[in-house]
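A.B. asks: Encoded as structure tokens, here's the structure I'll be asking about.
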């Protein structure tokens, strides 16, 4: 979109810095001829201007309010290198098929952000600008982070490859389950659930996001019973096992204390929740790196700002920030389960976690190429309303480098927890075997599972119980550039 000359940036210094109010594009925040530098951070915003607000002016306002501008001209601008410090909106396009919404591309000089700080970057990009009155709504859809800035972050403390080496498990997805019910179990009963799941063939068990240290179960009791279960299951199966011990707490001091105790007990992995905040996440990443412990991130709270398509932050952006911040696992959706997730969009999240270079892929919501500069890869986690009868879909969608977590799909098994774990492990092994033999598991999957169930009573019971269960709702966050195919 091009605007007439009277709306162009004012170059006369006297006029530009005269006291009063100027349009944002006149102050230099709209630069349609700007070519982003390799060292620029580029953000794609979805903006919905108020009625009567020009979309170019709205884009310029986003650039201004997320970098150096305020509502009026200030004389102290002349004490800075304004041309470097101003963010630059350089392109605006209508969102396909959605009247009143626009995509705005905004470039930020690398000098605007503190090295290795997600908190500082987000204070600019999703700070006051999201409350700006001339906008009905704004959403950060995607971000291109320059290699020069990526290199200021340490990234995942363990990474996908080293995690597999530590666990000695290759060529298949990892299996997990969340202990249920989330709240109310005693420490001893909690440990019994963990043992049964791991003994039945799961690689991991897991605390849920809201189990910390409540009156019915102190965190120290849980850790002791859980690690006793992990050690016994490892001895019984000959496999390395783990259970995500949630160290989320009210203060960093409490979190460090819990993490240290988990390490002393021999846990290979600890867990944190997204709600602890970006600074706490980076702090726990540093701890995990120093102590050779895998760091699992539950994305608790993300749906409050990622789910709505017109306002907030896309989860693909959160996934990028978390890879920089340094987590080894992150929940990324299932597409076929109970939680929000369009199949192609969710695949885009997985690409962000696992690629060395994430390529632009508009049908999957990826607007930019992203070079990760050899930053370690994150293991995506699929969790929420999945069961053994969907194994072919999950492997077809997400491949091997994923943790498939069947909480209710393990612990709700009619024959018990261990039987539920057996059902999931057999379903996984038969599907991987069929895939490796060259079979079309997407289409032949149900038949492959039925044949395997002839020799595995727990799998047969799982298919009989949940085989017809699906969550067929229209996702709210879908690609603007492709019709998403069904998951069959």
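Even glycines carry a Cβ here, placed using N, Cα and C.
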A.B. asks: From 299, 307, 354, 364, grab the residue that Swiss-Prot records in the same substrate site as 128, 178, 182, 331, 383.
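C.D. replies: As annotated by Swiss-Prot, 128, 178, 182, 331, 383 share the substrate site with 299, chosen from 299, 307, 354, 364.
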A.B. asks: Let me check the 10 A CB neighbour count of residue 206 (Mg(2+) binding site). How many other CB atoms are there?
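C.D. replies: Result for residue 206 (Mg(2+) binding site): 28 other Cβ atoms within 10 Å.
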A.B. asks: Within 10 Å of residue 209 (Mg(2+) binding site) by C-alpha distance: pick out those among the recorded positions 128, 182, 298, 299, 331, 383, and say none if nothing qualifies.
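C.D. replies: Taking 128, 182, 298, 299, 331, 383 one by one, the ones whose Cα falls within 10 Å of residue 209 (Mg(2+) binding site) are 182, 298, 299.
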A.B. asks: Quick one: of 128, 178, 383, which of the binding-site residues has the smallest count of other CB atoms within 10 A?
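C.D. replies: Selected from the binding-site residues 128, 178, 383 on minimum Cβ neighbours within 10 Å: 128.
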A.B. asks: Restricting the comparison to the recorded positions 206, 208, 298, which residue's C-alpha is spatially nearest the C-alpha of residue 182 (substrate binding site)?
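C.D. replies: Nearest listed residue in space: 208.
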A.B. asks: Within the same chain, and leaving aside 206, 208, 209, name every residue whose CB is within 8 angstroms of the centroid of the CB atoms belonging to the recorded Mg(2+) site, in sequence order.
C.D. replies: 178, 179, 182, 207, 210, 211, 244, 246, 271, 298
